Amino acid sequence: MVVDARNGEVLHARNADTRLHPASLTKMMTLYVAFEAIENGEISLNTPVLISQNAASEPPSKLGLRAGQKIVLRYLIRAAAVKSANDAATAIGEAVAGSESAFTERMNRTARALGMRKSTFRNAHGLTQDGHLSTARDMTVLGRHLFYDYPEYYNLFSRERTDAGLKEVRNTNRRLLSDYPGADGIKTGFTNAAGYNLVASAERGRKRVIATVFGGKSTASRNAQVAELMDMGFSRMRERVAVRKPSKPRYRGGSDRRQIEIAQSRRPRMRPEQVDNLASQIVAAVASAQSTRSRPTQNLEVVTRMASSGGRNWGINVGRYTTRYEAEQILLKTALTEIGTLDEALRKVSSGSAGWEANFVGMTQERAALACRRLQARSMPCTTLGPG
């Protein structure tokens, strides 16, 4: 199945409603529920999670967690998203809901709220279990919701490698990410019963597609099928369409049955200022773009944080624009593109005789240089700004 991510239009589908084993595509839902819990203050990215014997005993792929060990939630999220670690996925579920069974109940409630009518989850990791089933259509729906509902976390799925606390891990989807132009996610899955599964997304110019394949015969053949679907999608979709984001389900709260030690560390609320914390700005911008129904404003933490060492008197300029609005939009787009390096930078629009300058400030020299290298590699303008 392949859809236009901008409006959900189905561009091609075959057997999209057949219920099959999702394998580790399941972790997309595990992560979605975790992001929801973080956004709504149930748990923090910095929460130390006490690893249970249940989580530690999960079969590979795994991070190598030990029973009784503590590890902060952000590393578990990275391991589940990038390495597809089963022990990390189970630990996430236990951290959020108190037990894996309570977490799977929440996964199923969330699936219903998202319109995933033919999906039933029995565990947080996706290993084969009776009744643990989904469809290509449902997983495509979930992929759209991950992209639009939690854009501040979506960058996780594009990382070829990441620090997962115990060790650096490599992305199970790295071949498609490196081989297909514009690919930036999302998640692989494999078990003997399921075959080789993949939900993938790619962007070219103003266009974005999401494609899903279940039951591939090998990594190579699955990736080839996905590439063919995405090529088909790009060729069939219109250049310009009105973006219709999926409706984010109303938050219903989580379980109070926590069996972990919680030491939350949340950022204080920021006073309104012209220059604000980037993470708070992204949350506000994403929230304002949602439907008009109200929902609580939360202070999110992002998965990657800027190093705290060094003087923060450097910055970067990402262009000069004719209107303040255009400069602000470019700053937001850039922030979402490179949230890993711009997390705690401050964004600032400055007026001048020639237009509006779009700047990120409050950075170390090293981080400013790194941000420019990464943005320039994406053919985006960037100039470092020194002290003074």
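Using the three backbone atoms N, Cα and C, a Cβ is placed for every residue, glycine included.
In the three-state DSSP assignment, the secondary structure recorded for Ser24 (active site, acyl-ester intermediate) is helix. Counted within 10 Å of its Cβ, the other Cβ atoms near Ser24 (active site, acyl-ester intermediate) come to 26, all protein chains included. Positions annotated as active site, acyl-ester intermediate by TrEMBL: Ser24.
Counting only same-chain residues at least 6 apart in sequence, those with a Cβ under 8 Å from the Cβ of Lys27 (active site, proton acceptor) are Ala80, Ala81, Ser84, Ala89, Ala124, His125, Gly126, Lys187, Gly189. Residues annotated as active site, proton acceptor in TrEMBL: Lys27.
Here TrEMBL flags Ser84 as active site.
DSSP assigns Lys187 (substrate binding site) to a strand in the three-state reduction. Annotation source TrEMBL lists substrate binding site at Lys187.
The domain 'Peptidase S11 D-alanyl-D-alanine carboxypeptidase A N-terminal' feature in TrEMBL is assigned to 1-217. This prediction places the mean pLDDT of the domain 'Peptidase S11 D-alanyl-D-alanine carboxypeptidase A N-terminal' (1-217) at 96.
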Pick out which of the recorded positions Ser84, Lys187 has the most other Cβ atoms within 10 Å of its own Cβ. Lys187
